[in-house]
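*Asks:* The disulfide bond annotation in Swiss-Prot covers Cys56-Cys60, Cys75-Cys168. Here Swiss-Prot flags 1-15 as signal peptide.
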Amino acid sequence: MQILLLALTIGLAYAHQTLDPSEINGQWHTISIAADNVEKIGEGGPLRGYFHNLHCYDGCKNIGLTFYVKLDGNCQRFDVLGAKQEDSDVYVAQYSGTNHFEVIGKKEDAIAFYNHNTDETGKETKMIVVVARRDSLTEEEQQKLQEVAGEKGIPKDNIRYFRERDTCAQ
């Protein structure tokens with residue numbers, strides 16, 4: 001039920017399927033981030049990532065993520081590799097702690113990820129990150145994202161929409 005609702009709410013065609021590298025590989029940018037710990041995604045927060053590239057390896061058993069985080073006003077590049085867990089659609093990656101993430105929706109020009117981060121101190125953060133090859137979500141997608149975020153325990157006030165692209169690595 002939740003998967004069906006998610007497909008409808010974010011407006012992305014979702015199905016448990018093998019990811020196709022031709023659909024994933026290439027340039028993407030962050031258009032929305034939501035988290036239950038809003039300080040983690042605020043300006044200068046360690047989980048406020050500005051995505052630039054996704055790449056599948058080994059038939060998408062591994063996903064490479066290239067993103068930038070602005071720390072102390074400076075852009076820092078991160079190249080992170082997520083390894084798919086056996087018998088699961090969940091990937092595990094190390095960045096600002098341990099991350100368990102999965103694709104919860106995708107279509108040609110947008111991908112939504114759900115991420116569960118446990119930082120080095122043990123603090124847990126639930127997140128939704130939407131990356132795209134377009135500049136924004138539609139109003140309907142924004143409204144539905146708020147509903148899904150609420151179901152994941154993320155207050156709608158903690159959703160950040162990126163109206164413009166980041167200035168890192170231009």
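From the backbone N, Cα and C atoms, a Cβ is placed for every residue, glycine too.
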*Asks:* Looking only at C-alpha atoms, tell me how far Cys60 (disulfide bond) is from Cys168 (disulfide bond), rounded to the nearest Å.
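*Replies:* Taking the Cα atoms only, Cys60 (disulfide bond) lies 27 Å from Cys168 (disulfide bond).
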*Asks:* Could you say whether, by DSSP, Cys75 (disulfide bond) belongs to a helix, a strand or a coil region?
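*Replies:* Once the DSSP labels are grouped into three classes, Cys75 (disulfide bond) ends up as strand.
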*Asks:* Highest Cβ count within 10 Å among the disulfide-bonded residues Cys56, Cys75: which residue is it?
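*Replies:* Per the Cβ count within 10 Å, the most buried is Cys56.
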*Asks:* Report the member of Cys60, Cys168 (the disulfide-bonded residues) whose C-beta atom has the most other C-beta atoms within 10 angstroms.
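*Replies:* Ranked by Cβ atoms within 10 Å, first place goes to Cys60.
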